[in-house]
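A.B. asks: For reference, Swiss-Prot lists these features for the protein:
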MOD_RES   Lys99  N6-acetyllysine
MOD_RES   Lys112  N6-methyllysine
MOD_RES   Lys209  N6-acetyllysine
REPEAT    160-244  repeat 'Solcar 2'
TOPO_DOM  50-63  topological domain 'Mitochondrial intermembrane'
TOPO_DOM  87-121  topological domain 'Mitochondrial matrix'
TOPO_DOM  142-161  topological domain 'Mitochondrial intermembrane'
TOPO_DOM  184-218  topological domain 'Mitochondrial matrix'
TOPO_DOM  239-261  topological domain 'Mitochondrial intermembrane'
TOPO_DOM  285-314  topological domain 'Mitochondrial matrix'
TOPO_DOM  334-362  topological domain 'Mitochondrial intermembrane'
TRANSIT   1-49  transit peptide
TRANSMEM  64-86  transmembrane segment
TRANSMEM  122-141  transmembrane segment
TRANSMEM  162-183  transmembrane segment
TRANSMEM  219-238  transmembrane segment
TRANSMEM  262-284  transmembrane segment
TRANSMEM  315-333  transmembrane segment
Amino acid sequence: MFSSVAHLARANPFNTPHLQLVHDGLGDLRSSSPGPTGQPRRPRNLAAAAVEEQYSCDYGSGRFFILCGLGGIISCGTTHTALVPLDLVKCRMQVDPQKYKGIFNGFSVTLKEDGVRGLAKGWAPTFLGYSMQGLCKFGFYEVFKVLYSNMLGEENTYLWRTSLYLAASASAEFFADIALAPMEAAKVRIQTQPGYANTLRDAAPKMYKEEGLKAFYKGVAPLWMRQIPYTMMKFACFERTVEALYKFVVPKPRSECSKPEQLVVTFVAGYIAGVFCAIVSHPADSVVSVLNKEKGSSASLVLKRLGFKGVWKGLFARIIMIGTLTALQWFIYDSVKVYFRLPRPPPPEMPESLKKKLGLTQ
């Protein structure tokens, strides 16, 4: 499979060099015009700069997808685990709003009842579950991005790139949630049911004994409701925000930015995307939290009981969490790509063939 995907990726419109030499009819004029000292200007050797960028693998190769998956493991596993205390308080606000009246009150009550160690409840299923989710989310996103773009062709890929980002991310998240569901169910039980279990080792056998495999996968449909819109927004908003930042905000082209400068743009775009992600996915997140706490309940019953106001409980805490989380995930993921010297194509540009059709070239 990877060999066929790699073959397609070589002709992929996303697989463009970081530095391109585009003949605009002014190159000869610029190269021969005198400089400040009266000497002829030497043409900038951008091709030589591009050659110096040595990649560890080809774009769309099996190694590329595997290392992207590794980047997903590192970015999702570490960030979600680091934010376990905030996630714990957010979940408790959703399932027991009478007791946990707000984010600060939630922390105060939790510290009073469980101590500092209580804030780390559920760290093991969080780390395992979101590491597996990150592997599938980022790894499969790159796979589907290549496959769908080659199905569309170069011109349609550019014209419909937002739809492509949405489709590729939704496809990837479908599989990622199947990997996440068992650990998410265990995490919510540990965090929201006092006395049920303190560790994953205690919770998993108890859940299986009570409800069988259903205990681990009954929340997968609400997870899809929460995570697929979230991930679609996360990837599409990030990709288009990066494109807009380089076009309207960053004062120089991406090819002239240093790696640290590029990573700053990545972080900013990630945070902007994260705010929208939190808003889009929060109602389903509330349903998942309550559903995994209660035995024998269903998503429709929970949604009916919570009502419109109830599903938005804990939104402020989630905006802080998801905004920070998404920014850090994109920053770490892009840093992993830099570390392993993976191809990182710049924001897409209109193909020359499309420019000619639209009469944008002379």
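Quick reminder: no glycine exception, Cβ is built from N, Cα and C everywhere.
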A.B. asks: List, by number or range, the same-chain residues at least 6 past the topological domain 'Mitochondrial matrix' (285-314) whose CB is under 8 A from its CB atoms?
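C.D. replies: Cβ under 8 Å, 6 or more out: 90-91, 93-95, 97, 103, 184-185, 188-189, 192-193, 210-211, 218-219, 221-223, 225-226.
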A.B. asks: What is the Cβ neighbour count of Lys112 (N6-methyllysine) at a 10 Å cut-off, with all protein chains included?
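C.D. replies: Taking all protein chains shown, Lys112 (N6-methyllysine) has 9 Cβ neighbours within 10 Å.
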A.B. asks: Looking at the modified residues Lys99, Lys209, which sits with the largest number of other Cβ atoms within 10 Å of its Cβ?
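C.D. replies: The largest 10 Å Cβ neighbour count belongs to Lys99.
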A.B. asks: Return only the integer: C-alpha distance in Å from Lys209 (N6-acetyllysine) to Lys99 (N6-acetyllysine).
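C.D. replies: Taking the Cα atoms only, Lys209 (N6-acetyllysine) lies 30 Å from Lys99 (N6-acetyllysine).
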A.B. asks: Which bits of the chain, at least 6 residues beyond where the transmembrane segment (262-284) starts or stops, bring a Cβ under 8 A of a Cβ in it?
C.D. replies: 222, 225-227, 229-231, 233-235, 237-238, 241-242, 245-246, 250, 254, 311-312, 314-315, 318-319, 321-331, 334-335, 338, 344
A.B. asks: Could you pull out which residues elsewhere in the chain have a CB under 8 Å from any CB of the transmembrane segment (315-333), counting only those six or more residues past its ends?
C.D. replies: 71-72, 74-76, 78-80, 83, 86-87, 89-90, 93, 103, 106, 134, 138, 230, 234, 238, 263, 266-271, 273-275, 277-279, 281-282, 285
A.B. asks: Round to a whole number and give the Cα-to-Cα distance in Å for the pair Lys99 (N6-acetyllysine) and the residue listed as 'N6-methyllysine'.
C.D. replies: 13
